[in-house]
Structure formats: structure tokens, C-alpha cells
Amino acid sequence: MHNIHRRNFLKAAGAATAGLVTANIALNAYASSVAPKPQAGKSVIGLIAPKMDVVRVGFIGVGERGFSHVEQFCHLEGVELKAICDTHQAVLDRAIDHIVKQNRPKPAVYTGNDLSYRDLLSRDDIDIVIISTPWEWHAPMAIETMESGKHTFVEVPMALTVEECWQVVDTAERTQKNCMMMENVNYGREELMVLNMVRQGVFGELLHGEAAYIHELRWQMKEIDHKTGSWRTYWHTKRNGNLYPTHGLGPVSQYMNINRGDRFDYLTSMSSPALGRALYAKREFPADHERNQLKYINGDINTSLIKTVKGRTIMVQHDTTTPRPYSRHNLIQGTNGVFAGFPNRIAVENGGFGQSYHEWDMDMQKWYDKYDHPLWQRIGKEAEINGGHGGMDFVMLWRMIYCLRNGEALDQDVYDGASWSVVNILSEHSLNDRSNSVTFPDFTRGAWQTAKPLGIVGA
């Protein structure tokens with residue numbers, strides 16, 4: 001969506017920086033939000049919505065990410081694009097033009113102010129809503145969507161505070177509606193192959209994972225009045241921690257069956273100095289430019305360590321500032337071997353192709369031939385044609401619609417979205433307390449102990 005309250009956001013960022021003086025108050029509030037809460041309704045683990053012959057879709061936010069979803073949905077069978085909402089007319093026009101050119105009916109349009117999405121939610125001919133807006137709108141919009149009787153699919157992260165995570169979870173339980181945070185990386189070809197290999201025991205008992213979002217995005221600071229950088233830049237002045245943990249953490253969590261037999265227990269976090277964005281602003285903008293008036297407090301590199309209840313460890317890193325190649329790490333280590341991404345490589349002690357585990361096997365084709373995931377075997381070629389981060393976006397959306405039309409549970413639920421997203425705020429709490437460990441809330445309220453593990457999902 002459009003640059004919502006950007007000036008006010010800047011003021012809030014300054015207030016948040018000043019508020020670090022009262023970190024103990026924040027930590028006390030965090031402690032109370034970790035404590036178990038009364039269940040708002042029946043657990044939604046394994047929730048199956050009634051089958052839908054046709055899935056009727058509404059979109060809140062059709063800017064950069066939202067328009068990508070519109071493009072992908074136009075390639076899916078069994079869907080109707082009923083309505084779109086945004087505060088920026090240009091992106092609405094682009095979305096309408098694309099939908100009509102794909103020989104689909106023109107959708108209803110909602111715009112005018114920041115709350116126009118509520119008019120879209122008031123419709124009774126929409127089954128699911130896709131939310132692709134600035135981060136601060138994700139939780140409020142997800143909550144209102146479920147309360148309007150619709151299933152919710154929200155971009156990452158799902159929420160920005162522990163309390164918001166609880167509110168989204170409680171709403172899903174109370175309304176018995178799906179709320180899936182759309183972690184697309186879980187549907188990448190490599191990630192799904194590794195999930196298949198893990199479930200078949202190739203790596204033995206899992207011990208350790210490494211996840212990251214390492215993506216140099218300083219150039220987004222030049223997006224001043226519109227696009228992602230017009231609002232995302234300010235988060236680097238508002239928080240110090242892992243701002244965006246889910247892309248790397250989602251797949252590793254599913255490898256380890258987090259919330260399905262294991263769960264995150266506690267986290268410790270630390271950040272490097274925050275230098276890169278101020279240096280970039282000084283180099284790329286005039287001295288009196290607003291980008292040079294900001295105080296960037298988010299460390300250029302954040303590293304967090306997570307311990308699970310079963311004793312496994314996960315390293316999670318965030319870096320969108322330093323000049324380096326893209327990586328999500330995507331490492332999973334077990335008692336029999338390891339997979340690591342960027343570049344993809346494997347080493348196993350038993351069950352490999354004759355290569356010593358002291359050396360990396362970089363030839364992925366033979367591993368694909370043996371372990372390529374059923375989803376990619378079925379729709380991989382179509383996904384590669386339609387694109388979307390190498391096809392993972394298409395596979396994710398295809399799978400979502402398949403589950404809704406065939407009466408199956410989604411692969412990611414509201415507890416996953418909350419557990420992966422809350423790393424954002426927990427990393428900040430740990431940093432504010434000299435990197436001491438902080439406890440994860442159990443958003444499942446104990447149900448993780450009996451939840452069915454995520455299998456090798458198919459179609």
C-alpha cells in the first residue's frame with residue numbers, strides 16, 4: 001500500500017529511541033505477555049475449512065508484493081479475484097489492467113483512505129483475503145479479516161509485538177479461521193527437497209540449523225515517497241534486533257517440526273554496530289536530506305541463537321545493510337550429515353553417492369533425481385514459467401488454494417506465524433538486557449506436544 005503516515009512514523013521512531021531508557025518497563029511487559037493465557041477458543045492446529053469449489057479472493061495492498069500475488073493468482077484455477085484495495089491509485093490501475101488482460105472480470109476497487117479495506121471486508125462474497133501492506137498493518141488487518149468471517153493470508157512478518165502475536169492467535173481460535181503467514185521460502189525447490197530428505201532420515205537425528213536473511217537493501221533508502229523503502233527504512237531507526245527473521249527460519253522450523261513435537265524455548269541475541277546506513281546516506285544524499293537526519297540504531301548484522309525444548313540449536317542472522325552476496329544459510333545438521341545452501345551442498349556419512357563426508361558434494365542433480373519433492377515434481381515446470389522468486393511464490397499460492405478446495409489443513413498455521421515472527425521483538429528484548437536469554441511464549445498452549453508432525457506434503 002501507499003506510504004501510510006510516514007511522517008508520523010518518523011516521530012514514533014524518535015520516541016521509541018528515547019524509550020530505550022525505560023527498557024526495564026518493556027521487559028516487565030514482555031514477561032507478562034510470555035505467561036500462558038486462557039485459550040480463546042478451540043485450537044486451530046490442523047484446522048480444515050469446508051471445501052470450496054471456487055475460492056473468492058480479496059487483496060489488501062497491491063503495490064510491489066501485492067501485485068506479484070495478483071499476477072500469480074491470475075494463473076491459478078478455481079479462484080475468482082473479487083476485490084482489491086490500496087491507497088495509491090497508480091498501483092490499483094496497474095492491477096486492474098493486468099487482471100482484465102488475463103481475461104478475468106474487473107474486480108471491485110476500494111480506496112480513498114487508510115481504512116478503506118474495511119469496506120472490502122464487509123463484502124459477503126469473499127472467502128480469503130491476501131494482506132500485503134507495511135508491517136505495522138499486518139496484525140490489525142489480519143485480526144479484522146478473521147473477525148469479518150474470512151480466512152487470512154498475511155505477508156511476513158505476521159506481527160510486531162508479543163501482544164500482537166497473542167491477539168492474532170486468540171482471534172484465529174475464537175473465529176476458527178485460518179491465519180497463515182505466507183512464508184514463501186518454505187516452498188522453494190531446495191527447501192522442499194531438504195524437507196523430503198529430513199523426513200526420510202537422510203541426515204539422521206537433527207541437531208542444529210542455521211537461518212538468515214542476508215540481502216543488501218540499502219538502495220531502498222532512495223525510495224522516498226512510495227514503494228517499500230519509503231516505510232521500511234524507518235524500522236532501522238526504531239528497533240535494534242532481527243527485523244525480518246522468517247525467510248530463513250521458516251524452512252528450518254519445518255525441518256525440525258517446530259510446534260509439532262518440538263518448540264522454541266529461549267533466545268539470546270546481539271547486534272553489531274549500526275554504521276552502514278548512515279555511511280550510505282552520507283554518500284548518496286545531500287547533507288540536508290531527510291535520510292541524513294535519521295539516527296539509524298539497528299545493528300548492521302544481528303545474530304540470534306535459539307534453543308528448542310528438545311535441545312536443538314538454531315542460529316538466525318539478519319543483515320540488509322552490508323555489501324555481501326545474498327544468503328539465507330538454510331543449513332540443517334544431523335547425526336548423519338548436513339545440507340547447506342548458498343551455494344547448495346551436501347555431506348552425509350551413510351546413504352550418499354560414495355563421496356566422503358569430509359568433502360562437500362556440490363552436484364545437486366543426483367539428489368534432485370532421488371529426493372525432489374512431490375509438489376515440485378507435479379507443478380515445478382509451471383512454477384518456473386510463472387516465476388515469483390524462482391517459482392516458490394507460485395507453489396505456495398497453488399498449495400494454499402489446493403488445500404482450501406480439497407478440504408486439507410494448510411502447511412503453515414497461526415502458531416507458526418506467531419512463533420517465527422516473535423523473534424523480531426524477542427531479539428530486541430535480549431539486546432536491551434545485555435544479550436541475556438528471553439523465553440518464547442508457547443502460542444500453542446501445550447498443544448505442540450501432541451500435534452501431528454508435518455509430513456512430506458503432496459498434492
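The backbone N, Cα and C atoms fix where each Cβ goes, glycine too.
With Glu64, Arg65, Asp86, Trp135, Glu136, Trp137, His138, Glu155, Val156, Asn184 listed by Swiss-Prot as binding NAD(+), the candidate from Tyr244, Tyr255 annotated for that site turns out to be Tyr244. For the substrate site, Swiss-Prot gives Tyr213, Arg232, Tyr244, Pro245, Thr246, His247; the one candidate out of Tyr110, Tyr117, Tyr326, Tyr357 that the record lists there too is Tyr326.
Cβ neighbour counts within 10 Å, taken over all protein chains shown, single out Glu136 as the most crowded of the binding-site residues Glu64, Glu136. Calculated from their C-alpha atoms, the gap between Tyr244 (NAD(+) binding site) and Tyr213 (substrate binding site) amounts to 7 Å.
Listed in sequence order, Val156, Pro157, Met181, Glu183, Trp420, Ser421, Val423 are the same-chain residues six or more apart from Thr246 (substrate binding site) with CB atoms under 8 A from its CB.
Candidate binding-site residues: Tyr213, Tyr244, Tyr326. Fewest other C-beta atoms within 10 angstroms, Tyr326. Pro245 (substrate binding site) carries neither a helix nor a strand DSSP state and counts as coil. Here Arg232 (substrate binding site) comes close to Pro134, Trp135, Leu217, Gln220: these same-chain residues lie at least six apart in sequence, with C-beta atoms under 8 angstroms from its C-beta.
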